[in-house]
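Some features that TrEMBL has for this protein:
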- 152-191: disulfide bond (DISULFID)
- 26-248: domain 'Lipid-binding serum glycoprotein N-terminal' (DOMAIN)
- 263-465: domain 'Lipid-binding serum glycoprotein C-terminal' (DOMAIN)
- 1-17: signal peptide (SIGNAL)
Ligand SMILES: *[C@@H]1O[C@H](CO)[C@@H](O)[C@H](O)[C@H]1NC(C)=O
Ligand SMILES: *[C@@H]1O[C@H](CO)[C@@H](O)[C@H](O)[C@H]1NC(C)=O
Ligand SMILES: *[C@@H]1O[C@H](CO)[C@@H](O)[C@H](O)[C@H]1NC(C)=O
Ligand SMILES: *[C@@H]1O[C@H](CO)[C@@H](O)[C@H](O)[C@H]1NC(C)=O
């Protein structure tokens, strides 16, 4: 009994799956905009399409049967009504339909009657084409989004053909007898073409990366954590959103918590970014030993009154200049714990627990340890989006220095703490100047975000935005 309970308990974390740390929600507004852009794109592409040849037979009593081929068929004009697309919950996918499409085509005809060959040109009109395609969305084992055709129906209302040249006057009167065959030939090709383009799209999705190196130290894993979720008005994709240290690739000792991005149907898309994502980056740097720095005197601005020189430390540690006069010092600064962010309504908080080890550099290069301080600080910040830029501001809420150990005897840290606090405020002021100017929102070659808003919520940041596709020579508004 007990072993089986243990097995079940061990399986729970696996079967529950992990909570997505990044969620992307496509609203109906976004879907309709995407469709509008896609329809324009398809119409442009259709006019460049060459259709495969169509061959058949015409039976004319006095001649018997004439073999014909319609070749070099190109679309000259396409009356492309706005298609409809909707979230389709039954199959977790989309249903796309177009109805009343008309196409004008042109091409050449060739006939064979025994050894007699004849040729000419033709114009064709295809009327009232209706196509309905249903696709389902899924997730492959590697976490790619997948798309599969579930059904496709195509119907062509009517076809009209005008033959020109050669002996076309002979068979033009018989068009009404064989156009049904041509209509069904074309009708049968529509769905295989639709399905082929869905397979191509699936190929693109499979080829997409689910892991990205952000710099030389961190990689971001972005596979889907579960199946896409679709309701009548949204598509929700959940991504892992975890940063790893490239060096250690270990999971942080904390987990992504579930969160619900508020519905924002007025925007095309919403993105929820949990504090887990930011903290996994922090853990990645920490586990790779990157939250540490060595500060020496050459890094102190030349104009500064304070120098990393034992002789200048008298005001803070009176005994130091007497014990080690005139020596330069090094400071080893590092994080004692993973610096963790917490998102709270309207604010981002960061706790930093660090330590400083001070050394005196002997003339022979030996570093003599002097003392160790703990530095604990808390920051809170705001982030917002204005004028297409992500901006922010940070304030320091708490800053304390505590002497942990000393090789030079005990000393009061108050004076040092005040100086360090002033130093930290100077650094923050510079940082705030940069944050106030902000950084431009990421922008791709073909699309940019517009009307973007950002809210910090409990445990996550919610970004809602419209998108604008940038295609030359086309106005989609
Ligand atoms: C201080 O550190 C920098 C960078 O590590 C180094 O280039 C420089 O020589 C060091 N200066 C002293 C005085 O040790
Ligand atoms: C440290 O400061 C003292 C007093 O200002 C100076 O005499 C000494 O040269 C300095 N040491 C170094 C290595 O610069
Ligand atoms: C370097 O100098 C210090 C202080 O004079 C001394 O204690 C230490 O043994 C010396 N180290 C070496 C490697 O010479
Ligand atoms: C600052 O930190 C100290 C030590 O951790 C604590 O006693 C104090 O209450 C904190 N002050 C604020 C404003 O958080």
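Cβ coordinates come from backbone N, Cα and C, glycine included.
TrEMBL entries are annotated by machine, without manual review.
Secondary structure at residue 152 (disulfide bond), taken from DSSP and collapsed to helix, strand or coil, is strand. All protein chains considered, the CB of residue 191 (disulfide bond) has 17 other CB atoms within 10 Å. Under the DSSP three-state reduction, residue 191 (disulfide bond) is assigned to helix. The average pLDDT computed for the domain 'Lipid-binding serum glycoprotein N-terminal' (26-248) is 91.
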